[in-house]
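Enquirer: Got a structure here, written out as structure tokens. Questions coming.
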Amino acid sequence: VVCLVAYHIFFMLFVWSYWKTIFTLPMNPSKEFHLSYSDKESLEREPRGESQQEVLRRAAKDLPIYTRTMSGAIRYCDRCHLVKPDRCHHCSVCDKCILKMDHHCPWVNNCVGFSNYKFFLLFLAYSLLYCLFIAATDLQYFIKFWTNGLPDTQAKFHIMFLFFAAAMFSVSLSSLFGYHCWLVSKNKSTLEVFRAPIFRHRTDKNGFSLGFSKNLRQVFGDEKKYWLLPVFSSLGDGCSFPTCLVNQDPEQASTPGGLNSTSKSENHLFPAKPLRDSQSHLLTDTPSWSETNAKAEKDKVG
């Protein structure tokens, strides 16, 4: 009875999270990021180069955009005709821009991004638990198969196949789930691992990392009762994200050089538009770590 109850719990959570991952539509940038008709005409009239960038800079001056292209230009999508929000990328398979895009997953035939990343993590977790449970309950019969303890019927080969399938999926899922747990702890996406986000001051691979606890809450939300359920509880709107705006991980000690290069220019390098209310509290629980470290550096100098 205990095995049956546990099996069906794992199975239902696995199917639920898998369903949500597949059928949750990826979120696209909001209307404020789309160019107006006049801006589109101006962009088409201008030759490529600095003149087009001037049009894009005017269109993006009030948008909460911190990242740039490798050349320092505004990130713009020619196919969707919009200024790309931070961590947004165009999916060639879906042919549209996806907020906080992680990757396009062929296993779920859907883009994994801001709207379904939590569901994807839970899908990996529950599928791993499901396979481990099957392998564990099948292990004793698998041992009997090799010790000739099972009746000599065709069912004995089903036992062997079931154990091998569950064990192999467990190995592959454990590595994939572990990798995405590391991504969550560092507040990175798969695309950002291969190409670090570029801010106006420099490339910063940990630019969106706020520390393990806040990184976790950004994906799973503030209410822990929803963490293990495939219901949307992620913080924010997917268009803007809190940033540490320095070149180091907030969980590590900072260097004077990194602080000096950003603290003076931070006020005028980035848009003045505030973060969404659902995100800004991530930075207000405790004093800004960059300010704290800056004070510590002053004390050291003193």
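Each Cβ is built from the backbone N, Cα and C atoms, and glycine gets one as well.
Okay, these came from TrEMBL:
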{"type": "COMPBIAS", "residues": "252-264", "note": "compositional bias 'Polar residues'"}
{"type": "COMPBIAS", "residues": "280-293", "note": "compositional bias 'Polar residues'"}
{"type": "DOMAIN", "residues": "74-193", "note": "domain 'Palmitoyltransferase DHHC'"}
{"type": "REGION", "residues": "252-302", "note": "region 'Disordered'"}
{"type": "TRANSMEM", "residues": "6-25", "note": "transmembrane segment"}
{"type": "TRANSMEM", "residues": "119-137", "note": "transmembrane segment"}
{"type": "TRANSMEM", "residues": "157-179", "note": "transmembrane segment"}
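So that I understand the layout, could you describe where these features sit and how close they are to other parts?
Expert: Under 8 Å from some Cβ of the transmembrane segment (119-137) lie the Cβ atoms of residues 3, 6-7, 10-11, 13-14, 17-18, 20-21, 24, 102, 105, 108, 112, 162-163, 166-167, 169-170, 173-174, 176-177, 180-181, 184, 219, 228-230, 232, all in the same chain and six or more residues away from its ends.
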Enquirer: Take the domain 'Palmitoyltransferase DHHC' (74-193) and count its residues per DSSP category (helix H/G/I, strand E/B, coil), listing them in that order.
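Expert: Each residue of the domain 'Palmitoyltransferase DHHC' (74-193) counted once, the result is 66 helix, 16 strand, 38 coil.
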